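Report on the structure given below.
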Amino acid sequence: MKLQSAGRWFGAAILLGYVLDIASNFWLQPGIRSGDGAMGIFLGAGKRPDLVGMIVLLSMISGIVSLMAAALLCKVSVGRSIFWLSLGYLGLKAGQFGLGGVEMATLQLYRSLGSTMIAESGGELVKLAEPIRHVIAGLRDGLHLPTMLTGGISVLLLYYMLQKSALIPRWLGGIGMLAALSQMTGVSTGLFGSEVNFAFLAPLALVHLTLALWLLVRGFGEPANI
């Protein structure tokens, strides 16, 4: 595969990941809540197992696409000094995929418990809905934040590799690394007990979208063998 074509495929993978994540986070996931309070999420997930399954499926597809893109970058990097870094990037994406898969299992837990609560509306499980919700939410946050932080580290490494080898312009690589550091800072606030500062996450979303569009149009540039 030509270098320019590989870059375009890589950009398409980033863009596809955006579409899948937006569809899941802003369209599908809000649909599994049915009412307020602890029972809202349990009833919604219990009544819509199809929706829960679709969210999990989209997450899996997004993760597989990311892994394939990382493998493509490894292939492009063979024989160059960034090859070992590209293997590290592939490892980080694999770790992120694994963490994300366990996080998605919490949605299946909502669905399973919700189905039981619907079937036994007056049972003891319904009375424990609030503490159970807090336990699952804590578990999900405990998985979600490390997943996001791993993603930030992988993106920081990605921009470093791409600008180091001149596969993308240095200005884009520099901005990307700064945006990745910003994302990691925002996620770290949540990891250490404070609220996640979403303002720190926004720059990376914009820069990564810019990278995807750049690669779709231009592909990878001629790399420097350094």
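Cβ coordinates are placed from backbone N, Cα and C, and glycine is handled just like the others.
Per TrEMBL, the feature transmembrane segment maps to 9-28 (among others). If one looks beyond the transmembrane segment (9-28) by at least 6 residues along the same chain, the residues whose Cβ comes under 8 Å of a Cβ in the stretch are 1, 51, 54-55, 58-59, 61-62, 65-66, 68-69, 72-73, 208-209, 211-216, 219-220.
Marked as transmembrane segment by TrEMBL: 51-74 (among others).
Residues annotated as transmembrane segment in TrEMBL: 81-99 (among others).
If you look up TrEMBL, you'll see 143-162 (among others) marked as transmembrane segment. Using a Cβ-Cβ cut-off under 8 Å and counting only residues 6 or more beyond its ends in the same chain, the transmembrane segment (143-162) has close neighbours at 73, 77, 82, 85-86, 88-89, 92-93, 95-96, 99-100, 102-103, 106, 168, 172-174, 176-177, 179-181, 183-184, 187-188, 190-191, 196, 204, 208, 211, 220.
Taken from TrEMBL, the feature transmembrane segment covers 171-192 (among others).
The transmembrane segment feature in TrEMBL is assigned to 198-217 (among others). Counting same-chain residues at least six beyond the ends of the transmembrane segment (198-217), those with a Cβ under 8 angstroms from any Cβ of the stretch are 7-8, 10-12, 14-15, 18, 152, 155, 159, 168, 172, 175-176, 178-180, 182-183, 185-187, 189.
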